[in-house]
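So that you can see what the record holds, here are the features copied from TrEMBL:
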type	residues	note
DOMAIN	264-348	domain 'Transglutaminase-like'
ACT_SITE	CYS272	active site
ACT_SITE	HIS321	active site
ACT_SITE	ASP345	active site
BINDING	ASN385, ASP387, GLU434, GLU439	Ca(2+) binding site
Amino acid sequence: MSLAHDFERCDLDIKSNKRSHHTEQNGEDRLIVRRGQPFSLVLHLKAGSPEFNPEETSFTLIVETGTLLGKESDTKVSFGLKDSTDDKEWSASASKAPGNTVALNISSSPEAPIGLYSLSLLQQGQSTSLGAFVLLFNAWCPRDAVYMRSETKRQEYVLSQHGLLYRGSATRIHHKPWNFSQFEPGILDICLKILDEGLNVVSDTDQDCSERRSPVYITRVLSAMINSNDNEGVLVGEWAEFEDGVHPSTWIGSGDILRQWADSGPVCYGQCWVFAAVDCTVSRALGIPCRVVTNFSSAHDGNGNLLIEKMYDEDGERNFHVWVESWMARPDLEQAGFDGWQVSDATPQETSEGVFCCGPVPVSAIREGELTKKFDAPFVFAEVNADVVEYVKLSTGDFVKFSGSTDSIGQNISTKAVGRDKRRDITHHYKYPEGSEEERRVFEKAQHRNKLQKKGKEPGLRIKLAKNMVVGSDFEVYAVLANNCMVAKSCSFMLYARAVRYNSTRGASCGFISDTVTVTPGEEKLLFLKLKYSDYGKVISPDRMIQLTAFVNDKENREYHKAEKLIVLDEPDLEIKQCASLQLTGEARVGQPLTAELCLLNPLPEALQDCSFTLEGVGLTQEKPITIKLGTVASKQEAKASVQLSPREAGFTVLLVDFDSDKLKNIKNFIPMVVMSDALSPSLNTIAMT
């Protein structure tokens with residue numbers, strides 16, 4: 001007969017378990033473990049209770065998440081000591097420990113639903129609560145669907161709280177620092193709340209909870225919940241008016257967005273890079289390896305024919321678009337070759353199965369033109385591969401096709417490099433080189449017309465830029481027209497500039513020049529346009545983008561040619577001078593004051609109003625960012641501030657700084673650093689700054 005024991009309390013051994021499960025950055029106030037990996041507890045027996053003997057003792061452990069009562073759903077599981085030899089099932093073992101204690105080891109299933117669990121012990125019909133824990137996906141467990149072999153990549157794609165987002169144009173790529181903040185206090189609970197607010201919870205709560213075993217399911221839920229088009233999701237998208245909310249370029253981290261959503265509902269406002277960054281934060285918090293990816297010259301195929309047909313002056317392609325890739329196996333596709341990185345996109349563009357979401361779809365399926373693979377493969381394929389066909393409408397009402405390149409879509413697809421603050425080009429993951437036999441094969445498989453058909457020689461038309469184009473300066477650009485034909489050409493030659501947003505929404509004109517030229521065979525003609533701050537400064541958006549377009553109209557032969565180039569104006573340098581105490585000691589320690597000296601030169605020929613610096617850093621500032629208001633900064637003068645920080649946590653961290661004003665917005669910089677504990681030897685102290 002099994003002995004019954006009286007348990008006084010249960011020690012969850014939080015610190016040791018979190019260290020072995022790579023969850024110590026979440027703090028030590030609760031037990032957070034990863035599935036498929038054992039965790040240990042210590043049961044303290046009451047005085048007078050029989051001594052524990054595993055050969056004479058039997059009890060049942062019960063773990064439960066959600067509301068569905070039934071083992072078949074995986075949301076409530078009962079198991080005994082050494083109850084299972086199947087490494088896909090929950091199991092436990094126990095042994096006598098020093099003192100009047102029992103060492104209990106529990107192994108969770110690598111296929112268990114993630115979420116908040118209760119743990120109880122049942123013996124002789126009496127149930128005793130042992131506590132609660134949060135179970136996450138486990139990139140360190142080979143049996144977990146999100147298993148990632150490389151420790152360096154696990155550090156980057158699961159544990160890193162700092163990243164770089166890429167914006168601009170294919171030829172002028174800029175990075176934007178971002179704090180993912182997935183381990184900040186309260187963020188994990190908010191991420192679990194996001195899952196609880198999903199549309200599937202409303203329609204079938206129990207089934208939703210059971211499906212949380214699958215990273216494919218979780219990723220699709222997040223794609224729908226990070227936007228608020230169909231529900232009370234995290235972010236409201238806006239691309240025009242921002243007066244009643246926060247301009248998307250102002251955000252520097254996910255923490256503020258998620259906390260604001262938890263307190264008061266959908267947050268105003270987000271655009272593609274904000275949607276993607278928040279999606280990445282939640283994915284990493286739940287244990288799914290994730291990275292943010294930028295596609296330059298991204299297409300939006302609204303009718304699914306893999307062509308972008310547009311009349312001149314209509315939108316058809318974006319300067320860049322940002323989504324996420326998440327790492328996981330795809331057993332649901334029932335075919336090998338589609339595990340690994342999966343694209344999902346939380347920016348609301350088109351509906352998928354009636355909901356504004358996109359993905360996950362294997363990157364390998366996009367590369368190979370496998371458009372039947374779930375989810376939303378044709379839409380993502382078009383974003384990186386679609387042809388652009390443009391027309392000009394004549395005064396007669398007829399449409400004439402522009403000549404031009406069809407390889408402009410999907411360029412310089414970028415993500416942050418592993419372990420370095422550098423850009424990595426991953427275009428080759430999505431598509432074969434333009435013009436290659438492999439690309440021809442993929443397009444034929446995708447039932448797309450052959451865009452590699454041989455073309456005749458066309459007049460050369462290109463746009464050249466100045467070397468230094470800092471916002472506030474005047475600079476000159478020019479178009480070059482080369483006659484590659486055997487006869488002279490008489491043409492109308494035009495070059496104009498207009499403000500544009502990152503999603504290619506066109507603004508007001510800021511420059512124009514035209515001429516009628518005769519170009520002999522082999523000759524080149526140049527057309528110069530000077531762009532003045534007094535013209536473009538009044539119309540550019542915070543994206544600091546100007547679209548240049550050159551037109552050539554050979555009226556005699558009714559031939560039209562167009563070239564475009566996007567300018568992303570350089571922003572002034574925001575200098576974060578080395579902290580004063582670090583200059584003296586070369587150390588950064590917990591509790592040791594650090595003084596950050598901030599400086600930015602106003603490059604504009606006019607004063608800046610409402611100037612401010614905002615600082616944010618995990619473990620360096622409190623949960624809310626620090627804002628320092630400066631007032632007015634005169635033309636060509638420096639905005640300066642000195643801020644004292646006191647590091648609260650040891651480890652790697654990043655200080656982000658943002659400068660904002662009425663005319664110069666969202667200028668950002670960052671410094672990474674390693675903060676050492678007082679308990680460590682001074683010889684181990686390091687500090688890295690950029």
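Each Cβ is built from the backbone N, Cα and C atoms, and glycine gets one as well.
Annotated features taken from TrEMBL, shown on the structure.
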| residue | record | CB count, 10 Å |
| --- | --- | --- |
| CYS272 | active site | 27 |
| HIS321 | active site | 26 |
| ASP345 | active site | 30 |
| ASN385 | Ca(2+) binding site | 26 |
| GLU434 | Ca(2+) binding site | 16 |
| GLU439 | Ca(2+) binding site | 19 |
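Here the candidates are the recorded positions CYS272, ASP345, GLU439. The one whose C-alpha lies nearest to that of HIS321 (active site) is CYS272. Only CYS272, of the recorded positions CYS272, GLU434, GLU439, have a C-alpha within 10 angstroms of the C-alpha of ASP345 (active site).
For CYS272 (active site), the spatially nearest entry among the binding-site residues ASN385, GLU434, GLU439 is ASN385, judged by CA separation.
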